[in-house]
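Q: Straight out of TrEMBL:
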type     : residues : note
COMPBIAS : 551-583  : compositional bias 'Basic and acidic residues'
COMPBIAS : 628-644  : compositional bias 'Polar residues'
COMPBIAS : 647-667  : compositional bias 'Basic and acidic residues'
DOMAIN   : 1-364    : domain 'Nucleolar protein 10-like N-terminal'
DOMAIN   : 369-417  : domain 'Nucleolar protein 10-like second'
DOMAIN   : 483-509  : domain 'NUC153'
REGION   : 528-586  : region 'Disordered'
REGION   : 624-690  : region 'Disordered'
Amino acid sequence: MQISSVNDVKIYNLSYGKSLPEWLSDRKKRQLQKKDVDIQRRIELIQDFEMPTVCTSIKVSRDGQFILAAGTYKPRIRCYDTYQLSLKFERCLDSDVVAFDILSDDYSKLVFLHSDRYVEFHSQHGYYYKTRIPKFGRDFSYHYPSCDLFFVGTSSEVFRLNLEQGRFLNSLQTDALENNVCDINPIHHLFATGTSEGRVECWDPRVRNRVGILDCALSSLPEGAEVRGLPAISALKFNGSLTMAAGTSTGQVLLYDLRSNQPLLVKDHFYSLPIKSLHFHDKLDLIVSADSKIIKIWNKDTGKVFSSIQPQTNINDVCIYPNTGMLFTANEDPKMNTFYIPALGPAPRWCSFLDNLTEELEESPESTVYDDYKFVTRKDLENLGLSHLVGSSLLRAYMHGYFMDIRLYHKVKTMANPFAYEEYRKDKIRQKIEESRTQRVQIKKLPKVNKELALKLMEEGDDEAELASRKKKGKALPSILGDDRFKVMFENPEYQVDEHSEEFRLLNPIVSKVGQKRKKKLRLLAQQVAADEEEEEPEGRASSEEESSDDDKSWVEEVREQRRLLRQEDRDRQRQRRKEVDRNTVLQPQFYQIKAGEEFRSFNDMARKQRLQKASLEDRLKLEEHTGTSNMADTAVGSKQLTFTLKKSEQQKKQQQAEREHHEERKKLRRSAGHLNSRGRDVCPYKVKN
């Protein structure tokens, strides 16, 4: 259950909270109810009070026992028994329901207008009969004396279906292209239809003649409003014999007396959305109007808002339970909302325990979620030494500050200022003593807080009082010092003006210049009053504009000078901060670990670099093949080094090893040819012995 208060009117949302899926077992549901706090706190007033996808309309039977709701998908009608607080039956339909009505006191006679032009009748056991109207319908009303159903829709005709004779009667021909809504007065049975051109046509069913037309389109437009199109009538409701309310597609509600063609009152929702529902609350003279965004409850005589309800999803229909403070809403959501407003009336008889529950909640109000948190600004965090918590889960960013746990705040506050309570106690004692001294003779003295400001205000007040005393009919304006609304500014030290702050130093030249002009103006007025008293005409007086022509922009130079000084002070503080950081910094040697297989190379080894530069390309390539590294000389961006190793497969390694062994074997088997002489190639070196 969710509790909200609008204009000091408590509103209880009985449908608030999580809903359990139907496919969960009873054991799982019990486990969730034990663990989940939101499920424990919810109130399931009527079991399964929801639709599969969307609920389009909802009504209560005249005996108050049954609640019927139409929704989708699939199109269906559900009936809930309030005596059993559960679903009584559910019937699926062939197409979506545009509107439906309960013809009997209970659920035994129902009429449905479908989106495919069919009109379907249901009895207590279920489907009874189906017929079709010539045009697509949008709304219908039932005339009890003649048993006629009046259908309006995308046509200028109003179709009449007599349920006693079981046949269509002659239609009523209107001047409109389309008719959106209709209603029948419960007292004298006047039939009214709202058109798409913003008119309301009234007909007498006895003679089937039009008796009047109300043009609501022009009356609903405020003065000076841009007209983009005529507002259509989207809702219509009678109250008593002479009162009628009409809702427009632009979000206005017009209250009429049938004897006048001008509205008594025009109420705007300020959302520019079509009004979907209108209801009268006779006991408190209230009107309940709803568009898809909000439900507004307001006084029908003055238009003053009594309260308002804004659900989380769009609204399709609103139904008030008769003679109670409970209302139901059909939403663009599976769950149908149930609201209870004790200020409108008591709870229904079948849920009378709500009165006791709400009384207990009012006697012991629950703390809101913000009572457990403290709002702090960044400056407060710096004073408490908690700036390092910014970005952590202990601080929740909100607007220009943060929310933090109130327990953590009190703990840190106590540690930061352990004598805060003693100071608070002394301040309270001082305030009590000063309050007791008010009965004594008061002497003008400056307050302890903002003395300079108080002195300035006192001087300005004396000048104004002196000027007013010289005038015959003048009266001095009340001073801020004597106004109770501003007395805290001169009593609480937290309101002390910091003259060294950046804001004050930048604004002070402008304020001082304004004060000088104000004093000069008062002086000139005093001189004028004195001249009027002496009845002398001043001649040849120099204009004040010429005198102050050079001073008009002098404050600009002062502001520039203050800005320059502030920048200089900022630079000095940064320089001082850097010096302190350098002074507090202790240089420590840094050690680096050389990995195995790596060779240490100094960045400043210039001799080695020169040697490598003088070496040939062949020598450098040999060195690289030997070390497995490729060295690059230092550049402007630093020394770069690339290390790589060629990886070979096992088959290649075995092949290279076999080739090396073969070469070693061939070296051992070869014969030396050093004894051969190259000069005697033509002589055979071998001698044949005989």
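Any Cβ shown, glycine's included, is placed from N, Cα and C.
How about a rundown of where these features are and what they're close to?
A: Sequence-distant contacts of the compositional bias 'Basic and acidic residues' (647-667), counting only residues of its own chain at least 6 positions beyond either end whose CB sits under 8 Å from a CB of the stretch, are absent.
Each residue in the domain 'NUC153' (483-509) gets a DSSP state, and the totals come to 18 helix, 0 strand, 9 coil.
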Q: What residues in the same chain, six or more past the boundaries of the domain 'NUC153' (483-509), come closer than 8 Å to it by Cβ-Cβ distance?
A: 431, 447-450, 452-454, 555, 558-559, 562-563, 565-566
Q: Go ahead and report the DSSP secondary structure tallies for the domain 'Nucleolar protein 10-like second' (369-417): helix first, then strand, then coil.
A: 25 helix, 13 strand, 11 coil
Q: Over the domain 'NUC153' (483-509), what is the model's mean pLDDT?
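A: A mean pLDDT of 74 is what the predicted model shows over the domain 'NUC153' (483-509).
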